[in-house]
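This report concerns only the one structure given below.
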Amino acid sequence: DQVLEMFDHAYSNYMEHAYPADELMPLTCRGRVRGQEPSRGDVDDALGKFSLTLIDTLDTLVVLNKTKEFEEAVKKVIKDVNLDNDIVVSVFETNIRVLGGLLGGHSVAIMLKEKGEYMQWYNGELLHMAKELGYKLLPAFNTTSGLPYPRVNLKFGVRHPEARTGTETDTCTACAGTLILEFAALSRFTGTSIFEEYARKALDFIWEKRQRSSNLVGVTINIHTGDWVRKDSGVGAGIDSYYEYLLKAYVLLGDDSFLERFNTHYDAIMRYISQPPLLLDVHIHKPMLNARTWMDSLLAFFPGLQVLKGDIRPAIETHEMLYQVIKKHNFLPEAFTTDFRVHWAQHPLRPEFAESTYFLYKATGDPYYLEVGKTLIENLNKYARVPCGFAAMKDVRTGSHEDRMDSFFLAEMFKYLYLLFADKEDMIFDIEDYIFTTEAHLLPLWLSTTNQTISKKNTSTEYTELDDSNFDWTCPNTQILFPNDPMFAQSIREPLKNVVDKSCPRGISRVEESLGSGPKPPLRARDFMASNPEHLEILKKMGVSLIHLKDGRVQLVQHAVQAASSLDAEDGLRFMQEMIELSSQQQKEQQLPPRAVQIVSHPFFGRVVLTAGPAQFGMDLSKHKAGTRGFVATIKPYNGCSEITNPEAVKEKIALMQRGQCMFAEKARNIQKAGAIGGIVIDDNEGSSSDTAPLFQMAGDGKNTDDITIPLLFLFNKEGNIILDAIREYEAVEVLLSDKARDRATIFKGKMIPNYIIDSNLEMENMDQKSSENDSHKPNSEEAPSESQDAGAVSEEPDGGGESSAVGDPDPLSPASADSASVSRADQDPHAPGAAEAGAPEPACTPEDSQPQEQNTQTESNSKAHWDSKVQPMESILADWNEDIEAFEMMEKDEL
């Protein structure tokens, strides 16, 4: 019932405030129309002015037993949606969301029509639209390899002069390998074989181009030559659904070659990438060498795929590790390090973890996974729910929001959560008759025997010799999977329950080896001591030599050819990379983490959280758990550079002022003298935003600032204007300045709560109890995060002869310190982990998640132009908060 209420909240707000736009912007309560909002880069390629969210949600309505709403939605899609727009879209996203959505809608529509109560008027209209869209995607396949271009113009195709696309040379493996379910279903539904043929050709080409010795595939491939552009391999972003579709294509189409290919890849994944409970990217040519020390959140789908494969133990292990990360941060960060700190802090309400939770519950029947689902529901309501829907998290550490609610949230999240808790009698059809696409759209299994126009000749074995003894040719029967041992799943989870907070999981599999007769775990940079003879011997074996410099520092240089073996050389390279990371990490520890400004007055009540820059002076909010709470007041003069002329308006309030014309510390002293309890400095650069600019850190004035005792925070122009606009509309605006956002139960604890705060009965239910539960999951606010992603302290210079070198302090009592270190790597492999990579080992295992954004320490100048005080319209002031595009560019370009 809670899931249904939450779905209604999200869906009704999309229909009321956004439709026919592609997506809802839940903070500003309007639709996202491509071209009318600031570009978010590749993220916007999913938007095609075709009412994306409605199409993506069609079959969810039927799963949730909302057949009347489904019938109305189908009529709207048929009547309103135009697929012939002059717009460039992602082939991958349009296939899984729009083509998949239309086919899923058609699948359940004909099922309802057959039952005889609903959809009696339906005559395949969604299928006709799907076929039209299929033909619009086909021009993307006009390559010699058969791999599709990553983008296509819905009106003009690829090569047309007006297409504005077709110049790309690369695509991701998942982009080209996640087509077979939708394209084959379209061919089977319509009898037109060309779609399935094109999708099979793309899959065949990827299979042929796999790395033959490791049987792994890379992340990006040249669509014309078939050369691997990015040679790292994992199960997360860029590859994920390629593996998923190989197994599901076998399930849906019954073609043995797909299962053989999947099993071959799966064997390689478990041999090289799986390091339980972690799944770490490796190089396809050197699969024993890790390519990065962090994982992205998209790999959360993999335990669910392992359940379909029937390999339950590693699925339970990885899922449990991910759940521990969620309990630490409330949501799964977009990327996190191997020691479970935040690497990329945003979370766009991804459903992959909920998907794996559903599959594990189906496989084990263990009620533990119902508790996991309950946690997901509570966190969504506590931290992501806003008056107009659910907002993505901009930063899981501070709880700040982003003005986006992606279509997959409605298509997948509520579907999997509902199915997790639903009994058979709650469903109006048998879900086992369908397979889920990667977007959770439903395709009927009877398609396997319909319109079989493709030869099922087995071509896999000509590429590789397969050991069939490892492969099961039947899917596991969930009814009899664990009949004799209901504690099976718990026994696997138990050793991992404290893995995030209380232990260092790096090298777990190696440590387990060392408990037996296997080799010792490799030396880690964090443990290295220059005075330890055993460590020096290990370095020598790894081809690493140690040079004492005149200034007392130690330089490390690696010559791979001098290593005792190729495995030792790999360990040496890993050690050098860790030393580089450790050096850069320790140089950044003086940076302060971001802070939060939370609007707690009507009608926000804590649901709007803004990312704020800290000051190097004044109250340290990380040491004051309650933060500073008060109503805001605009000061006169607005720049705060002279004595405040309206002290009566500022006293006991939080002062708002404009950046510029004097030092930050001077502003703080002036508002403190006027009686303010805190201050917020708003940037005067029009349009600046924390989404596109590095976090701003306010420096002192070079003098002693101990006299400043109030907190001062910095907001960029866009975020600051949200508060100014709220003042214009509601006059009395109360905010909370803190180190991270508080949930509403904590904010209003002990206070009289007005009835109009409560959007629904469930949202504020048992607030005091939830508050105490929630506090037990939060890191102590006094454990202030200390790292940043700025790697400016690290230099990369040639050192001659293909050597790796690192310089560090040889303090014999501690791990290699790098307070004054310089680090360089020569002839650095652009795909290997390097200096800019986050997630370095720290000198000790700590439970803190400390990895805030890049920060710039700046001082105020005296030459700021006068602030333009004109009032802007609501739409302009509350313009879309852009996604952190740099993070996705890092993923695409692999700037490790």
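The backbone N, Cα and C atoms fix where each Cβ goes, and this holds for glycine too.
Here TrEMBL flags Glu93, Glu334 as active site, proton donor. Among the features that TrEMBL reports, active site is placed at Asp240, Glu352. Here TrEMBL flags Thr438 as Ca(2+) binding site. Residues annotated as compositional bias 'Basic and acidic residues' in TrEMBL: 767-781. Here TrEMBL flags 767-874 as region 'Disordered'. The compositional bias 'Low complexity' annotation in TrEMBL covers 809-825, 832-843. Residues annotated as compositional bias 'Polar residues' in TrEMBL: 848-862.
On the structure: features taken from TrEMBL.
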residue	record	Cβ within 10 Å
Glu93	active site, proton donor	24
Asp240	active site	25
Glu334	active site, proton donor	24
Glu352	active site	24
Thr438	Ca(2+) binding site	25
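Between the alpha carbons (Cα) of Glu352 (active site) and Glu334 (active site, proton donor) lies a span of roughly 12 Å.
Thr438 (Ca(2+) binding site) sits 10 Å from Asp240 (active site), taking the C-alpha atoms as the reference points. Taking the Cα atom of each, Glu93 (active site, proton donor) and Asp240 (active site) are about 14 angstrom apart. Cα separation, Glu334 (active site, proton donor) to Asp240 (active site), rounded: 15 Å.
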